[in-house]
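Colleague: So TrEMBL says this about it:
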DOMAIN    9-154  domain 'DUF2157'
TRANSMEM  40-58  transmembrane segment
TRANSMEM  64-85  transmembrane segment
TRANSMEM  105-123  transmembrane segment
TRANSMEM  129-150  transmembrane segment
TRANSMEM  155-174  transmembrane segment
TRANSMEM  186-204  transmembrane segment
TRANSMEM  216-234  transmembrane segment
TRANSMEM  240-257  transmembrane segment
TRANSMEM  264-283  transmembrane segment
TRANSMEM  298-317  transmembrane segment
Amino acid sequence: MHKHILNELSTKGLISETQSKQIESYEASKPFSLHWELKTVLYLGVILLNLGLGWLIYDNIDSIGHGVIIGGIAAICIACFAYTYRSRVPFSWQQTESASPYYDYLLLLGCLMFVILEGYLQYQYEIFGTRYGLATFIPMTFFFGVAYFFDHRGALSLAITALASWLGVAVTPADILSSNDFGDSKLVWTGVLLGVILCALAFFSEQQNRKKHFAFTYLNFGIHILFIASLSGLMILETWVVFLPLLILTTTFFIWYARNRASLYFMVVALIYGYIALTYLVFQIRWSYTYTIHEGDIYFYTLYFMSSCAAIIVFLLKYKTILRIKNTEQ
């Protein structure tokens, strides 16, 4: 509690000076939560463990042997899923609490071990041959089942990533812009379709109250994929007739959705992508009339970006009003 609030309450006579000092002393000495810090460390530990095992295998492949490596990975994977299965809570369409402090991390470790095991078998023995779609379809279905059965959003993220890979779209933050050929109309339309499907699954989860807490994960993937694919169609394929109305409709819808849910995150995402589309449109229209840069263009672009900065400042000052968020400090 802020000190000025205590002073105000004390001044108005709502609490005594002694009570004010007691509250201030309690606030200064009470323990603070390390929940999210510990979760971050544990998740980081799972990732580092996988990286360390990968390096160890790569560095000692000749002396260890493929059979031992496969057996070790499979043993860790089975142990993780055996523990989580025995410790699981009864299935529910609602959000459930973790059965133990290590439940989520061991489940995630088991999923990552499953991917490593499958990838190792394919690399070493080519168990799927050239049917690479099957190599992504199997983990996709497995992770979706794990996500819903064990109520785990990390597994759901892996499942969505596998679904995108199965469709030929890279969706990881490091690869979404560098590993996709946005000049391929088939890939662009696949991205649009995937984004729409993921958004539809999010809205279905919310409306039907079936794993409602999964909606954010679906929507977080869907909104970025849909906007990036639509912007690619507008800028690279230059199919304005289709993708400009789609971008206008998508931006408008997610602004409405963000206001309806009082979500600052989705409001910012929709405004950023909408601003990119608007800026591209303004520049294209301007260039279509001039073809060369004149002195007037410099003033125009300067005014445009200054106006944009002013709009951002207004939004940051008024975002609670825009999102209809009640001010709890008053």
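Note that Cβ sites are derived from N, Cα and C of the backbone, with glycine treated the same way.
Note that the coordinates shown come from a computational prediction; the quantities given were computed from them, not determined experimentally.
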Colleague: Six or more residues out from either end of the transmembrane segment (64-85), which same-chain residues have a Cβ under 8 Å from its Cβ atoms?
Modeller: 53, 57, 99, 103, 106-107, 109-110, 113-114, 116-117, 120-121, 124, 150
Colleague: Are there residues at least six beyond either end of the transmembrane segment (186-204) with Cβ under 8 Å to its Cβ atoms? List them, or say none.
Modeller: 160, 163-164, 167-169, 180, 210, 214-219, 221-230, 232-233, 236-237, 246
Colleague: In the same chain, who gets a Cβ under 8 Å from the transmembrane segment (264-283) while lying at least 6 residues past its ends?
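Modeller: Residues 219, 223-224, 227, 230-231, 234-235, 244, 247, 250-251, 254-255, 257-258, 304, 308, 315, 319, 322-323.
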Colleague: With Cβ-Cβ distances below 8 Å as the criterion, list the same-chain residues six or more beyond the ends of the transmembrane segment (216-234) that contact it, or say none.
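Modeller: Apart from its flanks, the transmembrane segment (216-234) reaches 153, 156-157, 160, 164, 169, 171, 176-177, 182, 185, 188-192, 194-199, 201-202, 205, 240, 242-244, 246-247, 250, 254, 266, 269-270, 273, 276-277, 280.
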Colleague: Given the transmembrane segment (105-123), which of the listed stretches 129-150, 155-174, 298-317 has the most Cβ pairs that are under 8 Å apart from it?
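Modeller: By the under-8 Å Cβ criterion, the transmembrane segment (105-123) pairs most with 129-150.
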Colleague: Please work out the mean pLDDT for the residues of the domain 'DUF2157' (9-154).
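Modeller: Mean pLDDT across the domain 'DUF2157' (9-154) comes out at 81.
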Colleague: Write out how many residues of the domain 'DUF2157' (9-154) are helix, how many strand and how many coil, based on DSSP.
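Modeller: Secondary-structure breakdown of the domain 'DUF2157' (9-154): 111 helix, 0 strand, 35 coil.
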Colleague: Determine which residues of the chain contact the transmembrane segment (129-150) at the Cβ level, with the cut-off under 8 Å and only residues 6 or more beyond its ends counted.
Modeller: 84, 88, 91, 107, 111, 114-115, 118, 122, 156, 158-159, 162-163, 165-166, 211, 214
Colleague: Should anything in the same chain at least six residues away from the transmembrane segment (155-174) have a Cβ under 8 Å from its Cβ atoms, list it; otherwise answer none.
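Modeller: For the transmembrane segment (155-174), the far contacts come to 107-108, 111, 115, 133, 136-137, 139-140, 143-144, 146-147, 180, 187, 190-191, 194, 198, 214, 217-218, 221, 224-225.
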Colleague: Can you work out which residues elsewhere in the same chain, 6+ from the ends of the transmembrane segment (298-317), have a Cβ less than 8 Å from its Cβ atoms?
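Modeller: Distant Cβ neighbours of the transmembrane segment (298-317) are 271, 275, 279, 282, 286.
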